C-alpha cells in the first residue's frame, strides 16, 4: 500500500482543530467519500434496490462529534448519498448496522481510547470490514479535488435512526448461547463514559445479570478519563467494594475489553483471548490464533502445548484481522483488549468478547481465575534506550551479539523484541522470561550493548 497523505492504519485521527479533524476537512472528506461510493454504486448497480447509496454514521460521546457528524452529513448529501444517523453507538455497532442494513459503507466518528481533545473518522465497507485499499486511496485522492454539489433533485437525505441501539443490543445478545443465562451473576460494567454507555449495561441485564454501571454519564469531555479499559484499576476498586463477581471495562468506542474478577485481579487481552479459545476447543478443533508482537510469550507457549497454532502480526487490530483472514483463522487479539471472534462478528467488539468469556465460565461453572489457571503469563521487562542521531540499530554489531547471546540463554524460556518507537527517538528493548530476574538481567544486557 502506497504512502497515504491523510489516512493512517485506522482512518483519519488527530487533535480537534488540527489539520484533519475540523469541520472543513470533514466536509471535504464526506463529499469525497460520497463521490467514490456513488461511482461504485453506479458501476455495480444491478437495476434493483436503492436509487442512491446509503451510509450510516455513528459516533462516540466526544463534544466534537456533533461538529464532525454535521460536516460529514453535508458532504455526503452534496454527493447524492442518503445518510442514516445512528448517534452514539460503539464502533462495532456501525460495522453490524452497515452489514445488516445492506448499506454502501459505515462511518465512525471516534478516537477510541484517546482523550476528548482528539477525534477520528474511519470507514467500514458494505461487509462490515475495513475498506478495500483501492477505495480508501480513491477517497483520499478525491479529498483534494474541488467541492461540488449534485443537482437539487439528486441531493441525499438524512434521517436519525430511532432503533440503532436496540438493534445492536439484540445482535450482541444473539452471540450468547440460548441455553445459558447470567442469572445470579453480579457484574460491574464500566463504559468509559463512551459510546457503549447506553447499550452495554442493557446487554448484560437483559441476559439476567445484576448490573451496576459506571462510566455511563458522558458530558462530552470525560470519555476515557480515569475510567474504562485504560484504567481498569477503577473498576477493580468498584468490584471489590460491591462484592461483585466480575467487572467488565470497555474503552471509549467499546472495541476494547479488560476484565476484573471478584478479588480485584485484572485480566488483559491475552488472558481473555485464551479464555475464549479454550472454550471453543471444547466445541471442536481450533486451527490457530493470531496475536501481535506484544502478545505475552506465555500465551504462545500455552497454545502450542494444547495444539493450537499461533502467529504474530504487527501491533494493531487491523493487522491481526488481515493475518486471520489470510490464514482462515477465527480468533485473534491484542494484549490491550482488542479481541476478534470472527464466528461472532466481522470486527473487534468488547461487549461481544465479554459475552464469549462469560459463555466459557457458565459452561464450565468456573471462576475466571480457575478457567485460565493453566495459562502462565511470563514476566516482562522493557528498557527504553535513547537513539543517537544516525545510529542504525539494525546493523549494530554489539546489539546483534548481545541479542544472540540472550536468545540462546532463553531458548524456549522467553523471547526478545527490539523495535523503534514510532513517536520518539528511542529504541524499545523488551524481554519476556520465565522469571522476573532473568527478564531484568536479559534486558539489561541488551541495553549495555548500546552503552545505555
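Cβ from N, Cα, C; glycine included.
Owing to the predicted nature of the structure, the values given are computational and were not obtained by experimental measurement.
Residue 112 (active site, phosphoserine intermediate) falls within neither a helix nor a strand when secondary structure is assigned with DSSP, and so counts as coil. What Swiss-Prot lists as active site, phosphoserine intermediate is 112.
Here Swiss-Prot flags 112 as phosphoserine. A C-beta separation below 8 Å, combined with a sequence spacing of at least six in one chain, links residue 112 (active site, phosphoserine intermediate) to 10, 91, 120, 251, 252, 253, 255, 256.
Taken from Swiss-Prot, the feature Mg(2+) binding site covers 112, 251, 253, 255, and the record attributes it to sequence analysis. Other Cβ atoms within 10 Å of the Cβ of residue 253 (Mg(2+) binding site), summed over all protein chains shown, number 33.
Listed binding-site residues: 251, 255; maximum Cβ neighbour count within 10 Å falls on 251. In sequence order, 60, 90, 91, 110, 113, 194, 195, 229, 250, 252, 254, 256, 350 are the same-chain residues whose CB sits within 8 A of the CB centroid of 112, 251, 253, 255, the residues recorded for Mg(2+) being left out.
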